[in-house]
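Here is the structure we will look at.
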Amino acid sequence: MQSITFTRPDDWHLHVRDGAALAAVVPHTAERFGRALIMPNLRPPVTTTAQALAYRDRIRAAVPAGLAFEPLMSLYLTDNTAPDEIERARASGAVIAAKLYPAGATTNSDAGVTAIDKIYPVLERMEACGLVLCVHGEVTGGEVDVFDRERVFMEKILSPLVRRFPALKVVFEHITTAEAAQFVRAAGANVAATVTAHHLLLNRNAIFAGGIRPHHYCLPVLKRETHRVALVEAVTSGNPRFFLGTDSAPHARSTKEAACGCAGCYTAHAGIELYAEVFDAAGALERLEAFASLNGPAFYGLAPNADKITLVRESWSVPAGFPYLDDDPLVPLRAGESVGWRLA
């Protein structure tokens, strides 16, 4: 197969930052995707519906003319989130999810939830009104090995949460392990997961190939090859509760190539093409459309996009960097290397 045409995909987990950084990265996503669920971990975080609507306006202003891209918004949950804010979010029609960040788990998560029981009233309201809970599934205690954070989170927090709120729609974001994939398969229809392209393409050896590779450092961290293989099997299986979420996370080069570098891989420049590589290598290109374009909208109760895109089997070279901040470029995944599929 030399080309594939399918329903325009959506990105169900995206970071676009704000200000000049936002203007630099939004076009990459808008060229490929019809919609994206925007993560709320700005500094300060997006904790109210009013803030989310203002942020949506700033994103819309950065969409190039002629592209019909729609940002879908989320709220950042804190220990102090009010249940009434959930009602406002749901009523807005623009905010479709709220994000649980365990405090300290990832970039700009220091304002996150310190104990899950502190947000039980909020989760009850979300369950009642149908707002989706998106979860960064890692514990943060120093006694837990960084490669075990996802597994321990499932055992201590996610499993009890799903039992306590059986009608709450939950997305286990950017899963990285065979155990997480199995958790989703075994759960009810109200539990789904996003999977990133980099966790499907890379294992943890990529962080240390010939030296420290800061542009392969993300959270949750890359895992063993056995887990990567299990994730590929999950996304190509046809199970409708796995769908595309790039977790594309832009950082200036100086903050990645540093003594204490930021976590995140930037993939929006090839946000659908990298997934095509994965499905092609697995002999499952015919299942890419469901994963990228159909499963996510179905879970969120939305219609698929009306238009289509075409990918061509044609190699292209990824630039060494993209303009980002003044004299501080953005280094994308595969910088200086090639991608095997191209957006027509």
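Glycine is treated like the rest: Cβ placed from N, Cα and C.
Cross-referencing Asp145, Asp148, Asp247 with the Zn(2+) 1 binding residues that Swiss-Prot gives (His13, His15, Lys99) picks out Asp247. The candidate list His227, His251 contains one residue that Swiss-Prot assigns to the substrate site with His15, Val16, Arg17, Asn41, His136, Leu219, Ala263, namely His251.
In Swiss-Prot, the Zn(2+) 2 site is described by Lys99, His136, and among His174, His198 the residue recorded at this site is His174. Excluding His13, His15, Lys99, Asp247, which define the Zn(2+) 1 site, the same chain contributes Leu14, Leu37, Met39, Asn41, Cys134, Glu173, His174, Gly245, Ala249 within 8 Å (Cβ to the Cβ centroid), listed in sequence order. Spatial neighbours are here defined as Cα atoms within 10 angstroms of one another, and by that definition the neighbours of Asn41 (substrate binding site) among the recorded positions His13, Lys99, His174, Asp247 are Lys99.
Inclusion criterion for the recorded positions His174, Leu219, Asp247, His251, Ala263: a C-alpha placed within 10 angstroms of the C-alpha of His13 (Zn(2+) 1 binding site); this criterion is met by His174, Asp247. Between Ala263 (substrate binding site) and His15 (Zn(2+) 1 binding site), the C-alpha separation comes to 12 Å. Note on Lys99 (Zn(2+) 1 binding site): other Cβ atoms within 10 Å of its Cβ, all shown chains, come to 26.
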